[in-house]
């Protein structure tokens, strides 16, 4: 596997059990927190005269200009996945309704339009886990608790390595239980339990490696919060941190599993193959930072490239334009890396082509999901309006922030 040294091995592996992630605590934080299920109130800003109109770059250019395909198992898998996660975390009716609208299964469906129902369900459940897990570090109780963050990651790593106790559906640690079921499933074939060939040890090592990159990014993010350095970093330092904490690396490898892609070591270890993963992670996070800009302002989220560039003296429109340039540069970096890749041979190249398709679908699915589900807008209709007009309306009193 491609590896990098974060310089924080001791921090990532040690720590006493500082936090009990109980169902009651999860439910309480979902009701009061600022995560993906929290819907900011837009209704008080209906007058266009009170808005600053920001023009977005064309986010559907280059690799994103292709039509998306939806997995045929989407409808049936969505119903089961939504019901299951709500049951596991003992969610109330309001949260369950919001979760249906967030629609993690749609996201998984665009990521892997040809995978089995079992693989699609696993991908949808991974999305549910990732957002619940991430919210703890992003705006939740671990966002400024470095020791607590390191400890929670250590407990989750034990699950991945098979050294943790078995959790149950009625466990006091529902997020850990969900992750344990995912580890169980990913060790199997994407066709289902005891169906087809189980995942190789080589693939599972890659799956663990991708999650380690994610967790190292989360620790770096929390450390930045604790040190109060959100707006003192340069764009490159921000990208280096966010491309890990975004969670795109494990999501991408999870989609490799959904398609039965097991990259040979000579492919997986090639620097340009990893560079393509980095590039697409950058594209996803930069697009996300534009579309989430208003929501991040409302919720006080500092981890946003537009906000970072504004802190450096740019106007909001100038900052958005600059992020648009960065996104287009991602495509140039992608094609440059692609042109320099060697040929590995028929079987390895077939796996590589599958990997490249997964990367493209991941970026496209993330983009479409943000518009379709109204994730960052007051409704799906508002998301459709933003996509059509490329106009993002920000209350003037907020635009000055």
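The first residue you see is number 1, and the count goes up from there.
Including glycine, each Cβ sits where the backbone N, Cα and C put it.
Annotation note: residue 139 (Mg(2+) 1 binding site) sits in a coil segment as assigned by DSSP. Within 10 Å of the C-beta of residue 139 (Mg(2+) 1 binding site) there are 20 other C-beta atoms, taking all protein chains into account. Positions annotated as Mg(2+) 1 binding site by Swiss-Prot: 134, 139.
Among the features that Swiss-Prot reports, Mg(2+) 2 binding site is placed at 139, with the record citing similarity to another entry.
Around residue 376 (substrate binding site), the same-chain residues six or more apart in sequence whose CB sits under 8 Å from its CB are 291, 292, 294, 295, 370, 383, listed in sequence order. Annotated substrate binding site per Swiss-Prot: 242, 295, 375, 376, in sequence order.
For residue 296 (Mg(2+) 3 binding site), the same-chain residues lying six or more positions away in sequence with a CB closer than 8 A to its CB are 289, 302, 303, 304, 307. The Mg(2+) 3 binding site annotation in Swiss-Prot covers 288, 292, 296, and the record cites similarity to another entry as its basis.
Look at Swiss-Prot and you will find 1-21 tagged as region 'Disordered'.
For the motif 'DDXXD motif' (134-138), the model's pLDDT averages out at 92. The motif 'DDXXD motif' annotation in Swiss-Prot covers 134-138 and is backed by a curator's inference.
Most Cβ neighbours within 10 Å, among the binding-site residues 242, 295, 375: 242 holds that distinction in the structure as shown. The record gives 288, 292, 296 for Mg(2+) 3. Within 8 Å of the mean position of their Cβ atoms, the other Cβ atoms in that chain belong to 289, 290, 291, 293, 295, 301, 304, 376.
Distance noted between the C-alpha atoms of residue 134 (Mg(2+) 1 binding site) and residue 288 (Mg(2+) 3 binding site) is 15 Å. The Cβ of residue 288 (Mg(2+) 3 binding site) lies under 8 Å from the Cβ of 246, 366, 370, each on the same chain and at least six residues away in sequence.
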